[in-house]
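Structure first, commentary second.
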Amino acid sequence: MKIFDTFSQQKHLLTEQTISIYLCGPTVYNHVHLGNIRPLITFDVFHRILRFKKIPVNIVHNITDIDDKIIKQAVLEHASELVLANQYTIAYFQIMDQMNVIRMHHPRVSENISGIIAYIEKLIANQAAYVVNGDVYFRVDCVKSYGSLSKNHPHDLRIGERIEIDTKKINPLDFVLWKQTTEGLKWPSPWSLGRPGWHTECAYLIWNHFGKQITIHGGGIDLLFPHHENELSQHLSLTNHPISKYWMHIGQLTINQQKMSKSLGNFIYVKQLLETYDFRVLRWFFYQSHYRSPINFSNAVLQNAIKDIEKITLSLNKAKTMLVLNHHSLPSTFAVNPDFLQALEDDLNFANATKIIWDLVRKLNEWINKKDFKQLTTICSELLWCLDLYGILPENIHTQTNIDLIRQWGRKVLNKEFKEADAIRARLQTKKLL
């Protein structure tokens with residue numbers, strides 16, 4: 001399998017016998033919006049491919065349950081921070097389950113404070129960090145290659161835009177590892193009562209769970225700088241070794257051609273969408289463009305996704321009904337479609353893989369018309385396998401009750417009892433079996 005590496009700007013063939021992945025998780029101060037779950041769905045398909053290929057994989061997807069945003073939201077909701085964070089963590093896991101995402105390992109920052117403190121102590125001992133009045137900062141100058149991941153040269157960065165101005169810093173690019181505070185949750189440390197900085201939380205979790213290096217670090221493209229750059233810098237200062245062999249970044253989601261974000265107030269909560277739409281529709285939406293490209297969400301796009309899923313599902317159901325009607329067994333196993341797999345093994349090329357699905361749907365209808373039930377069984381099995389790898393396998397509605405109804409319809413047609421046959425046919429159509 002080949003993946004595109006942000007650092008080298010090239011595709012690389014994965015040859016590792018085991019794969020380790022760190023996917024940046026949510027800051028749980030509210031429900032997740034549609035843009036938040038694009039990386040989640042992308043890596044879920046990746047996860048499914050690796051499992052199919054029987055490649056051992058360990059994925060860590062963290063929960064950031066300590067953050068200034070959580071403190072502010074807790075005040076608004078008149079709740080304690082940990083209670084609020086736990087509430088939204090549970091809600092996030094529910095979204096994962098509803099979206100048919102395979103669970104990963106989900107460490108919470110709040111459960112790793114002592115380890116993070118020890119990690120910061122290592123950075124200080126290595127002269128990569130310094131203490132100023134209870135705050136601890138990372139010394140960016142100690143990493144000569146700073147900016148190499150994001151392709152941001154330090155001299156070109158505009159302080160005050162993406163870099164917070166802080167007069168305590170030796171270098172304006174230095175970033176906080178430990179923040180002294182009198183507000184919100186705080187823990188004792190050798191430097192002050194405080195809490196860890198975001199960049200060091202993720203760097204530590206990778207260090208703790210994987211050690212020297214992971215295979216792939218993933219996340220949204222908006223995390224490339226400064227978050228991922230700063231993770232990489234901390235790890236380099238300790239090990240002189242990159243934190244990840246490869247980096248995969250997911251393109252941004254826009255809504256009506258504008259970036260979807262909570263600050264702009266144009267976001268859509270996933271939980272709201274799932275109250276109305278099938279999860280398969282939402283997953284299918286993400287498969288309409290390459291994961292590295294931006295993707296635009298609109299009502300028209302959503303309606304197209306609904307129609308696509310309905311068409312695919314109905315074609316599959318019709319094919320299975322025809323098999324039942326003509327006394328053929330329904331597919332008991334899935335069959336690999338090599339073209340679909342090849343498309344996904346080429347850096348998760350969703351656009352090409354989705355074309356294969358449409359080709360299979362076309363073939364289904366072709367073999368239905370030709371009454372070639374052997375070919376129909378094969379194509380059914382392949383399409384089911386593809387949809388399963390996409391995480392959108394339709395519900396099996398060919399229950400024994402419905403199978404009996406299909407066979408009853410067949411008998412009525414055979415006996416030329418057309419009035420009764422038409423009534424049953426109408427029932428089958430209502431059930432989306434025809």
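From the backbone N, Cα and C atoms, a Cβ is placed for every residue, glycine too.
Just so you know, TrEMBL annotations never went through curation; they're auto-generated.
Remember, it's a predicted structure, so these values are computed and weren't measured experimentally.
TrEMBL lists 14-306 with the feature domain 'tRNA synthetases class I catalytic'.
Within 10 Å of the Cβ of His227 (Zn(2+) binding site) there are 19 other Cβ atoms, across all protein chains. Residues or ranges marked as Zn(2+) binding site in TrEMBL: Cys24, Cys202, His227, Glu231.
Sequence-remote contacts of a segment are chain residues at least 6 beyond its ends whose Cβ falls under 8 Å from one of its Cβ atoms, and for the motif ''HIGH' region' (26-36) they are 63-65, 67, 69-70, 72-73, 84-85, 88-89, 91-92, 95, 220, 252-253, 255, 260-262, 267-271, 273, 282, 297. For 26-36, the entry in TrEMBL reads motif ''HIGH' region'.
Predicted-model confidence for the motif ''KMSKS' region' (259-263) is 71, expressed as mean pLDDT. Positions annotated as motif ''KMSKS' region' by TrEMBL: 259-263.
Marked as ATP binding site by TrEMBL: Lys262.
Under the heading domain 'Cysteinyl-tRNA synthetase class Ia DALR', TrEMBL lists 340-375. Taken residue by residue, the domain 'Cysteinyl-tRNA synthetase class Ia DALR' (340-375) breaks down under DSSP into 30 helix, 1 strand, 5 coil.
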Near-site residues: Zn(2+), ref Cys24, Cys202, His227, Glu231, CB cutoff 8 A to centroid: Trp198, His199, Glu201, Ala203, His217, Gly219, Leu223, His228, Asn230
Intrachain neighbours beyond the domain 'Cysteinyl-tRNA synthetase class Ia DALR' (340-375), with Cβ under 8 angstroms and 6 or more residues off its ends: 1-4, 11, 42, 45-46, 49, 286-292, 311-312, 315-316, 318-319, 322-323, 326, 328, 382-383, 385-387, 389-390
Residue among the binding-site residues Cys24, Cys202 whose Cβ has the most other Cβ atoms within 10 Å: Cys202
Set of same-chain residues at least 6 away whose C-beta sits under 8 angstroms from Glu231 (Zn(2+) binding site): His199, Cys202, Ala203, Ile206, His217, Ile243
